[in-house]
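Worksheet: the structure to be examined is printed underneath.
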Amino acid sequence: MGDKYVRGPLTRKRRTTISETASPVLNSKQANGSKPGNAGEESSVNNGSSPRKVRDTSTTPRRDKSYNDAIRERLRCHTHQESLLSSESGYSNYRGILNWCVVMLVLSNARLFLENLIKYGILVDPIQVVSLFLKDPYSWPAACLIIASNVSIVAALYTERRLAVGTISEGTGTFLHIINLSAILIFPPATVLYLTSMTPVGGVFSLAVYTILFLKLYSYKDVNKWSREIRHAKARTLSRSHSCPSVHKANGVAAHAQVTYPGNLTHRDLYYFIFAPTLCYELNFPRSPRIRVRFLLRRLFEMLFFIQLLVGLIQQWMVPTIQNSMKPFQDMDLSRILERLLKLAVPNHFIWLIFFYWFFHSSMNFVAELLQFGDREFYRDWWNSESVTYFWSNWNIPVHKWCLRHFYKPMLSRGVNKLLAQTAVFLVSAFFHEYLVSVPLKMFRLWAFMGMMSQIPLAWFVGRFLRGNYGNAAVWISLIIGQPVAVLMYVHDYYVLHYQGTPVGMAGLNS
């Protein structure tokens, strides 16, 4: 009974003390006439029962703390931080700036395209595209040349079959492969140079097919040779045969058949490799489980759309600009040459980007999906290249894998210096670039060869003096400016060689 009357006043006194010292809100209520002991709470009910405490919801320590934090936030508005555009800030979300660049690019090119239409009218002519491949509708030299490539394919297959059974020696087989590969490189250009009915575009297309075939059959020869070496090594230690396809079983169910040498030496296996979007042969390619029809149709639509866009842009945009560049070259007007070069750089680069997407993404994914080819890494993030070597290693992965597997690493294994091996890779690449341009045009100026070899000092300069965004900008500048220079050089030389002294009707195309 005594405890009941003692605890009540003590509790009320303690709450009053907290309220008076920590709650300005309570003080304001007291100033308005309220009693100190009754603010924010109810008195005990004295009906013979124990006093009941009611929680004070307006004067808790948590609310007091949040109120004080709010006051401090009002007093403070600065913290130690870097500007977003500084590299030290760690900020990387520039999506809005990228969208702005895209919008500006679209608007600027739309103005140029509209200016082109006003000045020249519509120049797109699908019939003219057919004439680029055929001079005579009854003569198809490029198509016949491509069909003749089957002779080299079958010759490589039967040479490997004779090597597999030991009918011919390794030396004889190597000699036959050299003859076959040499014919692939020599016979097509001889045909292109000899036949007057072969157009430059048809020549480029047929030589590109033979170049791809050369790289594929070279890889086919090497991989089968390595497989024979492995088989001979196993034959010395194992008694059972390794010359037939084996079937691995998992949980009693037959899995996908893994082909072993020489079970791979079939027409079906070789022609699958010929059409597969890769240059490096292996006995068991990674395969996708099924053909995705919707994915296949999307890639087909992209292929058809972008090839039409490429042809239209070349006819409508590039051809007039190139034609207008001939007179400044003849007059050696350096300022006008530079102006023509910069004007050609925009459509040329735009067309190159579209071609990259059309070939390396749409077309190669279409073929891979159709053949259920599993490895779809046809390119990497070359657009982030901070060095020239990174660009050439990542923009064309099939060629890069071939060079690394069949040329660069074998040279290193023979003790060749790394720098010398890299230079040799660029030298081979420069040869094929010139091979695909000079032979179809039937003139030899070495502009493409020198353009590729100039990548070596450029790679050294960028790697030594430029880093980060500056290196990336240097790579982009070399792509945007370098290609138009080569295009103008070849077009000028081709015009001088074939049309100089004859009226070409370019007077009305001056800009």
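The backbone N, Cα and C atoms fix where each Cβ goes, glycine too.
All annotation found in TrEMBL is predicted automatically rather than curated by experts.
The active site feature in TrEMBL is assigned to HIS433.
Look at TrEMBL and you will find 18-50 tagged as compositional bias 'Polar residues'.
Taken from TrEMBL, the feature compositional bias 'Basic and acidic residues' applies to 53-70.
The region 'Disordered' feature in TrEMBL is assigned to 1-70.
Among the features that TrEMBL reports, transmembrane segment is placed at 97-118 (among others).
Residues or ranges marked as transmembrane segment by TrEMBL: 138-159 (among others). Within the same chain, residues 168, 173, 176-177, 180, 183-184, 188, 191-192, 195, 197-199, 202-203, 205-206, 209-210, 213, 217, 220-221, 265, 267, 270-271, 274 sit at least 6 positions outside the transmembrane segment (138-159) and bring their C-beta atoms closer than 8 Å to a C-beta of that stretch.
Per TrEMBL, the feature transmembrane segment maps to 171-195 (among others). Packing against the transmembrane segment (171-195) from elsewhere in the chain are residues 141, 145, 149, 152, 155-156, 159-160, 162-163, 203, 206-207, 210, 213-214, 217-218, 221, 435, 439-440, 442: each is 6 or more residues past its ends and has a CB under 8 Å from a CB in it.
What TrEMBL lists as transmembrane segment is 201-218 (among others). With a cut-off of 8 Å between Cβ atoms, the residues of this chain six or more beyond the transmembrane segment (201-218) that come close are 132-134, 141-142, 145-146, 149, 152-153, 156, 177, 180-181, 184-185, 188-189, 192, 273-274, 279, 281, 399, 402, 406, 432, 435-437, 439-440.
Annotated transmembrane segment per TrEMBL: 300-319 (among others), in sequence order.
According to TrEMBL, the transmembrane segment annotation covers 350-371 (among others).
What TrEMBL lists as transmembrane segment is 419-438 (among others).
Beyond its flanks by at least six residues, the transmembrane segment (444-466) meets 386-389, 392, 422-423, 426-427, 429-431, 433-434, 436-438, 474-475, 478, 482, 485-486, 489-490, 493 of its own chain at Cβ-Cβ distances under 8 Å. The transmembrane segment annotation in TrEMBL covers 444-466 (among others).
What TrEMBL records for 473-491 (among others) is transmembrane segment.
Within its own chain, the transmembrane segment (350-371) has Cβ neighbours under 8 Å at 109, 272, 275-277, 288, 291-292, 295-296, 299-300, 302-303, 306-307, 309-310, 313-314, 317-318, 378-379, 395-396, 479, 483, counting only residues six or more beyond its boundaries.
Within the same chain, residues 112-113, 116-117, 120, 122-126, 128-129, 344, 347-348, 350-351, 354-355, 357-358, 361-363, 366 sit at least 6 positions outside the transmembrane segment (300-319) and bring their C-beta atoms closer than 8 Å to a C-beta of that stretch.
The Cβ of HIS433 (active site) has ALA448, PHE449, GLY451, MET452 as same-chain neighbours under 8 Å, each 6 or more residues away in sequence.
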